[in-house]
Amino acid sequence: MAAVITLIGATASGKTDLACALYQRFPLRLISVDSAQIYRGMDIGTAKPSAAFLKQYPHDLIDCCEPEEHYSAARFCQDAHQAIAKAHADGKIPLLVGGTMLYYHALFSGLSDLPPADAQLRAEIMAEMHTRGLPALYADLLAYDPEQANKIAANDTQRIIRFTELFRQTGQPPSALFAQQKQAAPTWNSLHLALLPERHLLHQAIAQRFQTMMAAGFLEEVARLKMRPKLTAEHSSMRSVGYRQLWRHLDGEIDLETAVELSIIATRQLAKRQITWLNNRLKTVLSMHFYDPYQAETPNRVFQQVAQFCKHNEGTFL
């Protein structure tokens with residue numbers, strides 16, 4: 001059975017550094033699992049590795065599409081399966097690294113047999129949102145699918161639009177579609193590594209990293225993106241943390257200090273959601289080994305575990 005390793009963790013938990021250290025020691029191929037780093041032109045605010053860094057440590061599934069495009073979990077699964085197959089064909093073990101928990105869940109537990117995104121219908125729904133307002137679309141969702149509506153925030157634009165799209169495509173409530181989920185039996189021998197840092201240390205790292213991003217030109221990056229004629233604040237890419245707050249600043253809604261403060265708060269909230277996924281939904285799908293990334297002995301412990309896994313799987317992926 002072919003081998004796969006995952007390195008999962010919240011934002012700013014040190015996944016990339018550890019993944020690269022593993023890459024130097026073992027026959028691995030790095031595959032990004034990040035719903036923001038897939039977009040071209042979104043570099044600073046996503047903490048995307050530099051071109052020079054990627055030349056030394058190549059990653060699949062970075063810079064896959066334009067920020068105006070819709071990139072779904074279904075598309076990720078398709079792209080990830082191709083990247084994993086290529087790694088195995090090259091005699092490498094794929095190391096999936098990133099913090100988009102939905103992508104991991106979809107890849108290892110399967111997706112509902114949902115219709116693909118419909119660009120024309122989505123454009124119509126977004127136009128309707130601008131005329132009727134997001135609260136009206138959420139009220140509709142509450143009416144035809146209260147179960148799914150109560151699982152999300154009333155201002156969750158991305159999911160409200162997607163659920164509206166699914167309902168209009170199929171005539172069925174999204175919760176009913178998700179209940180029909182087809183489980184895909186894992187086809188890999190997998191090792192799942194999870195980084196779970198102390199909360200206060202993670203919060204410090206998030207704040208420090210965001211200030212570093214600002215000093216590196218994050219605001220200017222958002223300004224360049226804002227000049228793209230077809231890109232709006234409602235696109236999934238621009239709903240990413242940091243981008244939506246700085247976009248609001250550039251629109252004159254909030255001052256820069258407030259935008260930075262809100263961005264750091266939103267990033268901490270994202271990390272909390274990621275950790276909740278790790279401790280709940282993903283634990284029901286994956287058998288994970290947890291490590292504190294801020295403990296000095298963690299890298300060596302991870303190296304030992306990966307070495308044992310590689311030795312056990314020697315020859316099975318060639």
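These residue numbers are counts, starting from 1, taken along the chain as shown.
Here the Cβ of each residue, glycine as well, is placed from N, Cα and C on the backbone.
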Per Swiss-Prot record, range annotated region 'Interaction with substrate tRNA' [choices 34-37, 198-201, 314-317]: 34-37
Correct range for region 'Interaction with substrate tRNA' (source Swiss-Prot, candidates 118-122, 158-162, 253-257, 263-267): 158-162
Residues that sit under 8 angstroms from Thr11 (ATP binding site) by C-beta distance, when 6+ apart in the chain: Ala47, Gly99, Ile206, Thr267, Leu270, Ala271, Gln274
Recorded positions (Ser13, Thr16, Thr100), the one with most neighbouring Cβ atoms at 10 Å: Ser13
Neighbour-count leader, CB within 10 A, binding-site residues: Gly9, Gly14: Gly9
Among Ala10, Ala12, the most crowded of the binding-site residues [Cβ within 10 Å]: Ala10
Beyond the site residues Thr11, Ala12, Ser13, Gly14, Lys15, Thr16: chain residues whose C-beta lies within 8 Å of the centroid, for substrate: Gly9, Ala10, Asp17, Ala47, Gly99, Leu195, Ala205, Pro293
Fewest Cβ neighbours within 10 Å, where candidates are the recorded positions Lys15, Arg122: Arg122
